[in-house]
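Step one of this worksheet: look at the structure below.
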Amino acid sequence: MADSASESDTDGAGGNSSSSAAMQSSCSSTSGGGGGGGGGGGGGKSGGIVISPFRLEELTNRLASLQQENKVLKIELETYKLKCKALQEENRDLRKASVTIQARAEQEEEFISNTLFKKIQALQKEKETLAVNYEKEEEFLTNELSRKLMQLQHEKAELEQHLEQEQEFQVNKLMKKIKKLENDTISKQLTLEQLRREKIDLENTLEQEQEALVNRLWKRMDKLEAEKRILQEKLDQPVSAPPSPRDISMEIDSPENMMRHIRFLKNEVERLKKQLRAAQLQHSEKMAQYLEEERHMREENLRLQRKLQREMERREALCRQLSESESSLEMDDERYFNEMSAQGLRPRTVSSPIPYTPSPSSSRPISPGLSYASHTVGFTPPTSLTRAGMSYYNSPGLHVQHMGTSHGITRPSPRRSNSPDKFKRPTPPPSPNTQTPVQPPPPPPPPPMQPTVPSAATSQPTPSQHSAHPSSQP
């Protein structure tokens, strides 16, 4: 491009110089013709062109201006030539630089491609190493998980046995306490009935004694009235009509024996009142003591029932957790087996206790603790030890069958037991009050509360007290 521009500049400069030369020649021819014409005119004016001085001066000026322009154009031509040479040099340098840059770019590209190829090879080696490490880690994790699963199953069986023994002990203890409470309640009810009967007997006895005393007093009053009338007759006094015993007032003087008997009756009434108050106080204290004991027994029974419920909930939560862990392990094993089957039965280590039959061409190590055979292999975990010999939980077993020479193994078929994945509650011993075999019997109802009225229910009169009544009477 620089060469073509320089050539066009040189061509333009040559054209301008040729045009200026043509103009100069034309001007000179015109000036010569003018001179010749002048000469001819001077000679004979035969037919030449007459140029006026003004026109001649104008042409002279024009010629001078054209010469000046020609000089300017020559100077510009020289400058353009210099520029063209500089551009040609610059173009040459740019070509050299482009060649150098292209060679350097090729070298850098080759270096980058070599570096990337080395990195790709290193990544491939690292990938192979990671694959080997992953297989080793997977095999280690599988063996570790199988070992932990077996350990969990053993711990589960031990926990089931321990929990069952503890639950049986708690149930027996609770049943003993319930029977003891029932016996105490029955004995207290019998004691209460006996006290009630004794109270009624004491009330009847007291009423009979009071009636006997009143009758005896009336008889003595009648006797005294008769003696009074006899004395009045002896003293020849007019006998007044005998007053009614109910009209006798305290103002009438009584004999000394009547006063003594009245004092005795008052003392007897005071003594019986004291005995009645003491019996009522003793009865209230015993009833409060019985109520307090019954409240303590109810609280103890409720606390034991709550403790039993917490133990049962903890056992059920533990069973659920164990069953969930086993089911998750089964699902992982089944998914892994399906992936292995889809990939062409590549031999891998499998987690115990699910047996797996590898292909005959397998050369990888097999996880220890697994038994392989060509016939049907089934794993059944140890059943939980129960009191009645029943298995409350059966873990699922996977069976692998031999299908001939075409395939070494088939897809395992998970088979779950029909028994629920929970522990059943142990059957407590039958209670005398209830027939429900699952739940413990409810606490016995409280004895009927008797209104605390002033009575002599708890005081049992001694033979000396009963014998004191006839002996103390005059």
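Cβ atoms here come from the backbone N, Cα and C positions, even for glycine.
Remember, predicted model here, so these are calculated numbers, not experimental data.
Of the candidates Ser26, Ser284, Ser391, Swiss-Prot marks one as phosphoserine, and that one is Ser284. According to Swiss-Prot, the listed position annotated as phosphoserine out of Ser413, Ser419, Ser431 is Ser413. Note on Ser352, Ser395: Swiss-Prot annotates phosphoserine at Ser395; no matching annotation appears for the rest, which is not proof of its absence. Secondary structure of the repeat '4' (193-206) per DSSP (helix as H, G, I; strand as E, B; remaining residues coil): 14 helix, 0 strand, 0 coil. On the 0 to 100 pLDDT scale, the repeat '1' (106-134) averages 94 in this prediction. Counting only the Cα atoms, the space from Ser284 (phosphoserine) to Ser52 (phosphoserine) is about 172 angstrom.
Look at Ser284 (phosphoserine): DSSP puts it in a helix. Ser323 (phosphoserine) is surrounded by 17 other CB atoms, counting those within 10 A of its CB over all protein chains shown.
In the three-state DSSP scheme, Ser52 (phosphoserine) falls into the coil class. If you measure from the Cα atom of Ser52 (phosphoserine) to that of Ser323 (phosphoserine), you get 134 Å.
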